[in-house]
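Encoded as C-alpha cells, the structure appears first; notes follow it.
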Amino acid sequence: MNFHHGWTFHKLRKNEHFLKYSAIFYSLLKPVVALFACQCLVLIRPLARKIGSFPFLILTFHTLFYPIQNTVGAQFEVIGQSLMGTAVGVTWGIITKLFATAANRNHGDGSPILATSLALASFISAYIRSRYGYRFFCIIWIFIDCFLLTRDPFEKTIAKSFYISLVYPSLIAAGVVSLVTILVPPMRMASDLVGQSGLDHLNKIMQSLNFSVENFFPSDESVSFSSSSSVIKRMFKEHESVLRNSMDDFHTAISSSEIELNYSNVSVSTLKLLEPKFERITLAMSAQLAASFTLYETYNFSIYKNQDKEVEGDIRVSELRFSLPESTEVQQKRNIFTPQYQLHINGSLRAKVRPKDSKDRIVNLSNLYFSNVDHMSSLILGSLKLAHAIMKWLVSDVEHIPDERLRECIESLQEIDSKEENLMTEIFCTAFKETKKVNDFGGFEEIEDEEEVLVIAYYLFNLFEVAREVKNLLLLLEGLKAQRHNKPKLFFRKFNLSLFDKQKYANYAISALLTHFTAGDADKCDDEAPDDASGEEDDSPKVLNDQSFFDSVRYPLKFFLRKMRRKCWRVYHFTARSKDVRYGLKMAIGIGLLSIVAFQKSTAARYTLWNGQWSLISTLFVLEVTVSTTLRVGLFRTLGTLSGAVYAYAAWEVSQGWSYAIATLTFAISWVSCYVKYNTEYSGIATVFNITFPPILYGSYLKTSTISPFHLACIRFIVVNVGIGMAIVVNIVVFPYLARRVLKYKLGQASLLSLKQYTTLSDYLLSRNLYTNLTICEGYKKQISSLLVTARKLLQLVNMEFNLKGPFPVGIYNDLIIKLENLGIRLVVLNRVRSRFGLYLYYDVVKNMIDYRKDLIVSMTLTFYILYNSIMSKAPIPYFVPSCRQALWNLRLAIEEEGKRRFVTNGGILAQGAGSDGVAKDVPENHSWLPAQKNFFLYYVECQVIGDIVTDLEYSISLVRRINGEKENETIGKKMA
C-alpha cells in the first residue's frame, strides 16, 4: 500500500513537471520559430544580395521592433507602429539626404544639414516617446535615420540601395512575424488573455476568503502574542500582496488588449465591464482580511492582558486598535497636539487589566456566531465558484451553467443581505446583556469588555460587504451571458482605457492648508495683495491718471517688456519642468555628440568601417529617463554585447562558414535566448545578444565585411561601450533625473492625493445633502495605485545609482509604499461606510457632534499634510503632532454621552422630542434604542476604519522620520527626567 501511494505521488509530481515544461515550450514556440525563419532568410545569399548591405538587419528588426506579443491584436499593433516608424524614418532620411546632396553638388558642405536633421529627429522622436508612448514607432524612426544619415555624408548622388536597404528588412521581418503569429499554435486571442487573468484573480479571491475564514478564530493553544501575531501578520500581508498583484495582472491584460483583434465568442470590451466589479470585490476582500487580523489581535490582546501583573515595556500602538485614556479628565481634554513619543509608547494601556474571563467570553462569542460565519462563507465561496464557471464558459467551450442555478444563488445572497440588520441588532443585544448596567447605558463605560463583540461584528460587517459585491458580480455576469455568441466571431475595435479623468477633478483644492492667513487678515491685506497670486503677471495695462507724453510712451513699452518676460518665463518653466522636453534634449545631445565623428571628413570613412552606427544605436537604447535606468540598461547591453560577440566568433570558428552548421547553432541558441528574454528578468541581455551576433556572424558569412570576425567583434564591443559611456555622461550632466528623487516625488504625490481624498470625504460628511461620490474617491485610489506602481519600479533601480550618501533604506521605503497603499484602500472603505449613513444617523452622530468631528478632521488633515511635507521637502517631524487618536476617542465618548442623554431609564424607551433641532420627533413612538443599533454599528465601523487609518498614519510618519535621518525619541522615563 505504501509503495502504491508513493508511486502515485511520484506520478503526480511527474505530471506537474511535464505540464510546467510543456507550458514553457509552447510559450517559446512562436518566438523561436520567428527567429529561426528570419535566420534562414539571411542565410540565403541571392536574397541577401537583393536586400542590400545589411541583410542581418532582418534579425535586428524582428528582435527589437517586432517582438512576439501575448495576443494577436497587440502583435498587429506593434507591427503597425513599426511600419509607420519605418515610413516616417525613410521619408525623413530621404528628404534630408536630398538637401545634403544638393549642397554637396553646389560646392557646399551637406554634413551640417545631416547632423542637424539627425539631432532634430532625435529630439522629436524622444519627446513623442516620453509623452505619448508609441515606443516602437519612435525607436524605429530614429534607428533608421541613424543608419541612413551617417552613411557617406559627402556623396553627391543618392544610390538606389539607400531607399531599399532598410525597407526590405523591415517588411520581411513584419511579414515573418505576422505569419508566425497566425499560423503557429498556440494563437492567443485577447479574450483568452483577459479571461484567463480574470479566472486567476477569482481563484486568488477564493484563496483569501478561505484563509480569512480558517483564521476567523485562532486555536486555544496560540497564546503567544508576539510570535503567533507576527506569523499571522506576515501571512495576511502575503495574501494582500497576492490580491494586489493578481488585480494588477488583470489591469495589464486589459491594457495589452487596447486594440482588439479577437476571434472568439465574446468581445474584450464586454469582459472589460468586469474590471470595476473585480476592483470592488478586491477592495472588500482586503477589508475582510484586515478585519480578520483585527479579530486575531483582539483575541491575543485579551490573553495578553489576562494576568494579574501589569505589563511592562513598550507597547506599539500599531499592534493594537484602541486604548482608553487614564482618567476621565484626560478624556475630556480636547487637545489637538500630543508629543511624538506618544505615537509609540502609550502608558494608558497599562491603566486597566483585562478581565480574567475575557478569554472565555470571546471563545463563547465566537462559538455563538461561528455558524453564521460558516454559512455565509460557504455561500460566498460557492457563488465565487459559480462566477468562475460562468466566466470560463464565456471565454471557452465548456458546459453551460443553467440560469436557474444562477438565480438561486443570487436570491440566497439577497436573503443574506436582508438579514444583516437583524444580526447586527442581535449582536448588540448580546453585548448589552453581558453588561450589568443596561438601563443607564453603562455598557459603553466598559468599552474594553465589549471590544470582542464589536470586533466580531466588524468582521461580520465586512463579510456582508463581500457577499454584496459577489452578488453584484453575479448580476453582471447574468447580463453578460446574453452577450456571448454561440459561434466565434471576429471583433476588431479600439476602446478607451482611461481610468480617471485627471482634469475633471484637478480643481479640488485644499484651501484649509494652502491659505496662510485668515479671512480677517485677507480683508486687511486686500490693497497690498499682488496682481496674480499664481506667480504669473497680469497682461492687462493699468488705468493711468497721468496722460503725459512720456507716460504714453513708457507704459506701453513697460507692458511689452513685461509680456515678453512672461513668455520667456513660460518657456524656461516648461523646459526646466517638463520631463518629456528634458528627455528629448538629452537624446538629441547624446546622438549629436556621437555623430560628430561620422560627419568629419577625416573620420567618416573609418567610422563606416568600424560599424560606428552601433554607438549611436547604443545611445538610443541606453539613454533612458532616469540615471539608474541608464546604468541598468547599460550594464545589460554590455553583457549582451560581450556574450553575443563571443558567441558569434566561436560559432564562426566551429562552423567554418558552412550554412547548415550556422543554422543549427543559431537555432539551438535561440531557445536559450528566447527563454531568458520571455521568462526571466534579464530580458535586456537576451535582446542585445540577439542583435549583436548577426552583424558579426552573418557579415563574415556573406563577405560584407573586409576584416576578420575577431576584430569585428572587438570593434563592435568597443563602439557599443563608447555609446553607453556617452549616454551615462549625458544623462548625468544634462538634466540629471535620479530615481531617488523621482521616488520621493511619487510618494509625495501619493500622500498628497491621500490628503485630497480625505478632505473630499470630510466635505461630503459636513455637507447638508449627505452626498457621497464613490467614483471620485475610487478615482483618487486608482491614481495613488498608479503612482505606487511606478514607485515600486523605481525602488528596484535606486541601488544602480552612484551612492554618495550611504546605503539607501530600501526596506523602509517598501514599508512606506505598503502603508500609503493601505491608506488609499481604507479611505475608500471609509467612504463606502459613510455612504450607508441615513438621515437619522447623520443628525445623531454627525451634526450633534460637529465640534468633535471638526477636531478629528483637523487633526487628521494636519497629520496628512505633515506626512506630505516631510516626504516632499524632507522637513523634520514636529515634536508635537496632531493627536488623531485622542480626537477619535473624544468623539466616541461624546457619542456615548449623547446616548446617555437621549436614553430613558424607565423601560429603555427613546425620549420623544429629545435631542437638538427636534430630530427625535421623526422617530416612531415607543421605539427602543436597541433595534436602532444598526445606526450605532455603522458609527462603530466608521470609527474602526478611522482607527486603522490613524494607525497607518502614525506608522508612516515614523517611517518618514527614519528616512529623513531623524533620531528616535527617547523613552517616557528619560523625557520625564
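Keep in mind that glycine also has a Cβ here, set from the backbone N, Cα and C atoms.
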Do you know which of 490-510, 616-636, 784-804 Swiss-Prot annotates as transmembrane segment?
616-636
Which candidate in Asn364, Asn690 appears in Swiss-Prot with the annotation N-linked glycosylation site?
Asn364
Between the candidate ranges 108-128, 276-296, 738-758, where does Swiss-Prot place the transmembrane segment annotation?
108-128
So what sits near Asn265 (N-linked glycosylation site) in its own chain, CB-to-CB under 8 Å and at least six residues off in sequence?
Ser191, Leu394, Val395, Asp397, Arg484, His485, Asn486, Lys487, Pro488, Lys489
Where Asn773 (N-linked glycosylation site) and Asn210 (N-linked glycosylation site) are concerned, what is their Cα separation in Å, rounded?
32
May I ask for the distance between Asn262 (N-linked glycosylation site) and Asn210 (N-linked glycosylation site), taken between their Cα atoms and rounded to an integer number of Å?
35
Among 585-605, 656-676, 682-702, stretch most in contact with the transmembrane segment (717-737) (C-beta, under 8 angstroms):
585-605
Cβ contacts of Asn210 (N-linked glycosylation site) (under 8 Å, same chain, 6 or more positions away):
Leu381
Taking each of the glycosylation sites Asn262, Asn773 in turn and counting other Cβ atoms within 10 Å of its Cβ, which one has the fewest?
Asn773
Assess whether the transmembrane segment (24-44) lies in contact with the transmembrane segment (164-184), where contact requires at least three Cβ pairs under 8 Å among residues 6 or more apart in sequence.
yes
Counting Cβ pairs under 8 Å that are 6 or more apart in sequence, does the total for the transmembrane segment (108-128) and the transmembrane segment (857-877) reach three or more?
no
When counting Cβ pairs under 8 Å to the transmembrane segment (585-605), the leader among 54-74, 164-184, 616-636, 682-702:
616-636
Return yes if the transmembrane segment (164-184) and the transmembrane segment (616-636) have at least 3 CB pairs under 8 Å (sequence gap of 6 or more), otherwise no.
no
Reduce the DSSP letter at Asn210 (N-linked glycosylation site) to three states and note it down.
helix
